[in-house]
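Pasting the feature list from Swiss-Prot:
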type     : residues : note
DOMAIN   : 25-125   : domain 'Ig-like V-type 1'
CARBOHYD : N33      : N-linked glycosylation site
CARBOHYD : N45      : N-linked glycosylation site
DOMAIN   : 128-215  : domain 'Ig-like V-type 2'
CARBOHYD : N146     : N-linked glycosylation site
CARBOHYD : N196     : N-linked glycosylation site
CARBOHYD : N217     : N-linked glycosylation site
TRANSMEM : 240-260  : transmembrane segment
COMPBIAS : 289-301  : compositional bias 'Basic and acidic residues'
Amino acid sequence: MEGSWRDVLAVLVILAQLTASGSSYQIIEGPQNVTVLKDSEAHFNCTVTHGWKLLMWTLNQMVVLSLTTQGPIITNNRFTYASYNSTDSFISELIIHDVQPSDSGSVQCSLQNSHGFGSAFLSVQVMGTLNIPSNNLIVTEGEPCNVTCYAVGWTSLPDISWELEVPVSHSSYNSFLESGNFMRVLSVLDLTPLGNGTLTCVAELKDLQASKSLTVNLTVVQPPPDSIGEEGPALPTWAIILLAVAFSLLLILIIVLIIIFCCCCASRREKEESTYQNEIRKSANMRTNKADPETKLKGGKENYGYSSDEAKAAQTASLPPKSAEVSLPEKRSSSLPYQELNKHQPGPATHPRVSFDIASPQKVRNVTLV
């Protein structure tokens, strides 16, 4: 505490002396804007004419370094200096060590008893972290997969790219801010691997030409035997629509052909049935026409009990000759013929059956009255 007060008193004494003496020196060239990474060094140069007595460096309007002809006045070890003399000028360099984001701001170089000053801006960027969820990725050969890389805590936001040390049939990536978190950048790599290798996610700060990378191993395994050849490449939407329309038209055509075929079969069946019925009618008509003359010739009904004389004569001639006898059958034996006679020829009186054996048969003509 006492040392800092002594430094302040020394600066005040020097300023008082310079104010009393006066001078006509000036700043030839002031510092330039600088952008650095956190924890690195920042360098600023200020060129002045000879004859100066006191040169001061300020950061965000606070004096961090003072130089006199006798030597520097250092109040913080993070701020050091270097100087260079030439024939007509003096160059003072301010070095800021272990730069932090809080150091961002205005840096000025000024001379005592001079109205001019040189000003620049210090920008501090932070290189955050990279993260890939898995250090060893295992995927199936020939199947699409994706890998995500997260960049967190970067200011300003980095540009993310990928370096592929693996054979692929297709690869692409897209980087974007995470929704709701503007300090987090995501990059998604889509690829179809064909072999083992490594994938490297690279985040780069364009202003500083500084980058950070993260590498992961990619292991490719063969697809299961059951899944080989099951799924082919996906068809585009237009091809699917075209196939659907073609199948619909084919189905409609098949239905129409089936309907036409059924109609033709029904028509043919009706035609065949009509032809068959016509043939039956024609055959029936022909039979009717043949039967009409025979029916007209017949004048009565057919007598099924008639037998011709020739047939009776032949039957009688074949019998052996017997003597004529008259036999009266017994009552028991005559009952059956009598009953049969009653069935076939009813009559008011019954007589005993008499049979004659005639050696030479006579012709008998039977007449049936209708």
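Each residue, glycine too, has its Cβ placed from N, Cα and C.
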Of the glycosylation sites N45, N146, N196, N217, which sits closest to N33 (N-linked glycosylation site) by Cα distance?
N45
Report the mean pLDDT of the predicted model across the domain 'Ig-like V-type 2' (128-215), rounded to a whole number.
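Value for the domain 'Ig-like V-type 2' (128-215), mean pLDDT as a whole number: 91.
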Anything within 10 Å of N196 (N-linked glycosylation site)? Look among the glycosylation sites N45, N146, N217, comparing CA atoms, and list what you find.
N217
Whole-number Å distance between the CA of N146 (N-linked glycosylation site) and the CA of N217 (N-linked glycosylation site)?
14
Counting every protein chain present, what is the number of Cβ atoms, excluding its own, within 10 Å of the Cβ of N146 (N-linked glycosylation site)?
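Other Cβ atoms found within 10 Å: 11.
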Could you state the CA-to-CA distance between N217 (N-linked glycosylation site) and N45 (N-linked glycosylation site) to the nearest Å?
46
What is the number of residues in the domain 'Ig-like V-type 2' (128-215) that are helix, strand and coil, as DSSP sees it?
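Residue counts in helix, strand and coil order: 0 helix, 63 strand, 25 coil.
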Can you tell me the three-state DSSP label for N33 (N-linked glycosylation site)?
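DSSP assigns N33 (N-linked glycosylation site) to coil.
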Just name the most isolated of the glycosylation sites N33, N45, N196, N217, going by other Cβ atoms within 10 Å of its Cβ.
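Looking at the glycosylation sites N33, N45, N196, N217, the Cβ with the fewest others within 10 Å is that of N33.
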